[in-house]
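Some notes on the structure that comes next.
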Amino acid sequence: MKKVLLLGANNPESPRILQRVREHGAADFAGYIDNDPAKKGQDFYGLPVFGGFDVLPRFDPAQYTFVNLISGDCVTRHETTQYMLGAGFAMSNLIHPAIDLLMVELGTGIYLREGVIVQAGVKLADNVCMHIGALIGHETQIGESSFIAPGVSVCGCVEIGRGVFVGAGATILPRLKIGDWAVIGAGAVITKDVPAGAVMVGNPARILRMRDSQVSQ
């Protein structure tokens, strides 16, 4: 069994999920990689913070995988994941064991926190992160490196693109398409398709602005 490096020592909810995973089966979590120099050498809820990307040569990708715990910024999540993949490390999933994933298609690098509900026919691409209490309706597709915040409701048959940020308590109505790298503001209600790079706010949601830059790779 490979050991797991954890990317980002920021939120105590993550160590709680690690404990639940340990209780339900074999897992070997080695410790954290975090680029904040103040955290290097510290203990984060029982596991060491080894340091930033500069310490990666100490770890053999043949013996270690990684889980990206970074959330809230899809660009950072995507870019840090790409860095780790480029260094030769494979992704692993970290999923709260109480989540029912029967008839759900999962990529790799998936991070799902407690209370997430994923209905039948949903497809989650690589590096998707979802927080507490998010509801994903049947046959919805969520693209690579997207983030779904707490309390979000995504209705059935929605298509969410790459790197989409969906803020806390937002609602997306059925059969809509959300373009790559769009941002859905907290509490927004999406009633029509959203173009790539749009920042959406309000109920019903409107375009606040278009993002200046997006990740292309």
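Backbone N, Cα and C define each Cβ position, glycine as well.
Heads up, TrEMBL stuff is auto-annotated, nobody curated it.
The Cβ of Gly72 (substrate binding site) lies under 8 Å from the Cβ of Phe147, Ala149, Phe165, each on the same chain and at least six residues away in sequence. What TrEMBL lists as substrate binding site is Gly72.
TrEMBL lists His138 with the feature active site, proton acceptor. The DSSP secondary structure for His138 (active site, proton acceptor) is coil.
If you look up TrEMBL, you'll see Glu139 marked as site 'Increases basicity of active site His'. A 10 Å cutoff on Cβ-Cβ distances gives Glu139 (site 'Increases basicity of active site His') a total of 16 other Cβ atoms nearby, all chains included.
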